[in-house]
Amino acid sequence: MISNLTSSERQYALLIAVAVALAGLAMAALGRSDTLGVHGVIVMLFAGVVIYLIMSSLYGPEPTEDRAVSYYDDPIKVGIVLSMAWAVFGMFMGVWVAAQLAWPDLAFDAAWSSFGRLRPTHTSGVIFGFGGNALIATSFHVVQRTSRARLAGQISPWFVLLGFNLFCVLAISGYLLGTTQSKEYAEAEWYADLWLVIVWVTYFILYIATIARRKEPHIYVANWYFMAFILVVAILHIVNNLALPVSWGHAKSYTIWPGVQDAMVQWWYGHNAVAFFLTAGFLGMLYYYLPVRAQRPIFSYRLSILSFWGITFFYMWAGSHHLHYTALPHWVQTLGMTFSVMLLVPSWASAGNALLTLNGAWHRVRDDATLRFMMAAVVFYGLSTFEGSFMAIRPVNSLSHYTDWTVGHVHAGALGWVALITFGSVYTLVPALWKRERMYSAALVEVHFWLAIAGTLIYVFAMWNSGIIQGLMWRTYTEEGALAYSFVDSLVAMYPYYIARAFGGLLFLLGAVVGCYNIWMTVRSAPLAVRETDAPVVPAAVPGE
Amino acid sequence: MPELFHRKLERSAIGFVIAIIAAASVGGIVEIAPLFTIDETIEHAPDMRVYTPLELAGRNIYVREGCYACHSQMIRTLRDEVERYGPYSLAVESQYDRPMLWGSKRTGPDLARVGGKYSDFWHVAHLTNPRDVVPESNMPAYTWLARTTLKTDDLPQHLAAQRALGVPYTDAMVENAARDAYGQATPDTDFSSGVTERYGDKTLVSAFDGVTTHVTEMDALVAYLQVLGRLTGAAYEDTAAPEKKPDPES
């Protein structure tokens with residue numbers, strides 16, 4: 001990998017790694033009586049490993065082949081591996097926290113392992129670790145193929161990928177240490193947030209510069225989504241995380257947004273993290289890998305336009321549906337509800353467009369579990385966007401809010417849509433990247449598919465049941481007009497569902513482990529493929545054109 | 001026709017970027033900016049006080065331990081919620097909250113008005129092992145809180161940071177933050193009289209965890225739980241069903 005860099009590039013990379021290590025040193029010194037110091041040490045260790053890797057081949061031979069005639073796939077390979085590793089970590093954490101709700105003593109009486117600290121390691125592990133790495137890797141792959149141009153940088157893709165993973169490590173180790181902003185899905189503290197801004201701006205510049213090199217006149221749909229993902233996530237991240245550190249030696253900061261404004265900013269962020277991280281980014285994946293795998297062009301160009309702009313415009317209004325009946329002014333709640341309902345149109349336009357693309361390829365869906373992953377993902381996408389619009393309606397929300405129904409909804413999206421589309425894309429991508437004929441075992445892809453489907457269904461049904469029961473118990477009155485159930489009554493009713501949910505999650509985790517094994521064996525031993533040219537400039541089959 | 005226009009847009013990366021930013025910005029601006037300018041967004045509560053240093057430290061522990069992942073602090077304007085938890089929450093009640101802790105999930109009950117509902121002793125027993133008090137509970141046990149000494153030396157910096165963001169802490173409050181944290185957990189000392197002087201005589205001064213020799217994280221967290229819903233009485237004034245204001249000293 002490093003042997004594909006020229007020696008001046010290696011020196012340049014070394015310089016960056018040393019600068020990062022020095023920043024770590026400064027953090028360690030300033031924050032020596034604080035968790036900031038621990039994070040300084042972690043930064044130094046991380047940079048140290050990178051320095052070691054570069055040093056060990058600093059004086060190796062120069063790359064021999066002409067790099068301009070090939071795509072830059074090294075960072076993509078590492079990204080896929082990291083993504084799968086984070087998947088196993090994040091899902092394991094999920095199963096563990098789920099089990100803690102059923103058996104609270106599974107925290108072993110330690111501070112770092114109690115529910116409140118573990119829960120964000122699960123959410124960040126799967127959203128950012130698994131999802132984020134998958135998005136970075138696939139976006140690098142898709143932008144090169146659809147632009148027929150090599151990535152516009154040699155070191156910057158590595159900087160983006162490794163820098164992002166450093167952010168993930170800081171965020172997640174922070175939660176275990178008790179360092180958190182407590183903003184859901186944005187818990188990482190100010191210094192990690194600043195670092196992510198640097199990484200993300202590099203990502204954006206790299207992406208746009210690559211698109212600018214394209215040999216195609218038009219920018220392909222998948223790239224619209226990836227661009228929206230990168231851009232809007234930057235805006236959301238910066239605004240939501242504006243904060244004042246207690247001092248330069250403190251990991252702790254106070255957000256600049258107080259009370260009700262903080263609530264609005266937080267859920268504007270939170271909902272659009274769903275929209276632009278977990279939807280737009282993964283739609284980018286869908287718009288490339290689904291047509292490639294199905295060997296059919298996208299059904300409708302018009303629908304693509306409609307759904308892209310609909311999603312980009314409508315989603316940003318919808319966040320306030322997280323705050324129905326709260327102290328947030330009523331007019332904002334109403335706007336949030338209205339736009340959430342309208343969102344169904346572009347969402348279903350996307351889902352319909354994807355399903356109609358499969359028309360004429362249904363026999364492939366039947367025979368090929370990889371394509372079936374993507375098809376199922378689209379179905380779950382359609383279902384959970386419908387459910388989301390429904391739950392955004394105020395009276396429905398009065399029942400569902402604060403209950404497990406919300407958790408079930410999120411997982412219908414996260415497991416059913418995000419994870420399934422990722423696995424489908426990864427199974428398409430891995431043989432292509434490592435130049436294999438196919439995955440090591442089609443049967444194991446099949447096993448993974450059914451574990452994932454079973455896990456998702458058990459999970460979602462358990463949470464629907466518990467959520468609706470809980471919501472109804474809270475609002476049930478006796479004939480005398482008193483509340484019928486105490487809070488603890490409603491808690492006791494939850495236990496069977498908590499156990500079922502943990503079991504569903506476990507199945508899903510097992511599926512991911514099977515996937516890791518299959519990928520590993522593919523890289524090691526699947527037969528090599530003689531592929532039609534897969535290189536820049538030379539025309540290659542591009543879907544939808 | 002619009003299709004042709006879009007074909008053009010697709011030829012320009014910069015044009016596309018600008019179009020995305022434009023489309024995505026409107027919603028946030030329309031919904032967030034007016035929250036700072038429209039006067040009715042936040043009610044007026046002249047009796048509202050700020051968190052004492054000990055309560056603020058307790059709040060930070062609440063954040064650190066992720067209590068918000070299971071508890072909301074936002075009573076909605078629904079009849080059953082008001083009957084279960086008390087008058088619905090007002091925006092003014094969290095005007096000094098950074099971050100807000102309204103929460104999104106009730107694995108446990110709402111805590112917006114838990115202050116005064118239980119004795120300090122109950123909270124200490126409950127936090128140390130919830131199942132000793134409520135056998136069916138799945139709340140984690142927080143045994144280490146009572147063993148861990150509270151870090152107080154940097155509290156002045158915390159208050160100063162809060163003040164820089166607009167919370168009305170006075171110079172005396174900032175300077176005496178560490179002393180006041182100690183004082184609030186050690187009744188009937190010179191330190192404790194400073195607390196009531198600066199934060200008002202309704203401030204609860206108590207040996208929260210039962211030990212007055214040193215201040216622990218348990219002291220701070222219980223002090224915070226006991227002030228929830230009691231920084232102002234505004235919520236009891238103009239709700240649909242007026243309630244009796246709790247006596248902060250009870």
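Cβ coordinates are placed from backbone N, Cα and C, and glycine is handled just like the others.
A TrEMBL annotation is a machine prediction, not a hand-curated record.
When TrEMBL records A:His321, A:His322 as binding Cu cation, the matching candidate from A:His250, A:His271, A:His363 it lists for that site is A:His271. Contacts of A:His321 (Cu cation binding site) defined by a Cβ separation under 8 A and a same-chain sequence distance of 6+ are given as A:His271, A:Gln333, A:Gly336, A:Met337, A:Ser340, A:Met391, A:Ala392, A:Asn397, in order along the sequence.
Using a CB-CB cutoff of under 8 Å against chain B, the binding-site residues that qualify from A:His271, A:His321, A:His322, A:His411 are A:His322. Cα to Cα, A:His122 (heme b 1; low-spin binding site) and A:His322 (Cu cation binding site) are separated by 21 Å. Between the C-alpha atoms of A:His322 (Cu cation binding site) and A:His411 (heme b 1; low-spin binding site), the distance comes to 16 Å. Those same-chain residues not listed among A:His271, A:His321, A:His322 yet with C-beta within 8 angstroms of the centroid of the Cu cation site C-beta atoms are A:Trp267, A:Gly270, A:Ala318, A:Gly319, A:Ser320, A:Leu323, A:Gly336, A:Ser340, A:Ala392.
Counting C-beta pairs under 8 angstroms (sequence separation of 6 or more), the transmembrane segment (A:123-143) reaches the transmembrane segment (A:414-434) with 3 or more such pairs. Using a cut-off of 8 Å between Cβ atoms, the transmembrane segment (A:373-394) and the transmembrane segment (A:441-464) share at least three residue pairs, counting only pairs 6 or more apart in sequence. Secondary structure at A:His321 (Cu cation binding site), taken from DSSP and collapsed to helix, strand or coil, is helix. Annotation: stretch A:224-248 has the most Cβ pairs under 8 Å to the transmembrane segment (A:299-318), among A:12-30, A:224-248, A:441-464, A:498-520. For A:His411 (heme b 1; low-spin binding site), the same-chain residues lying six or more positions away in sequence with a CB closer than 8 A to its CB are A:Thr456, A:Tyr459, A:Val460, A:Met463.
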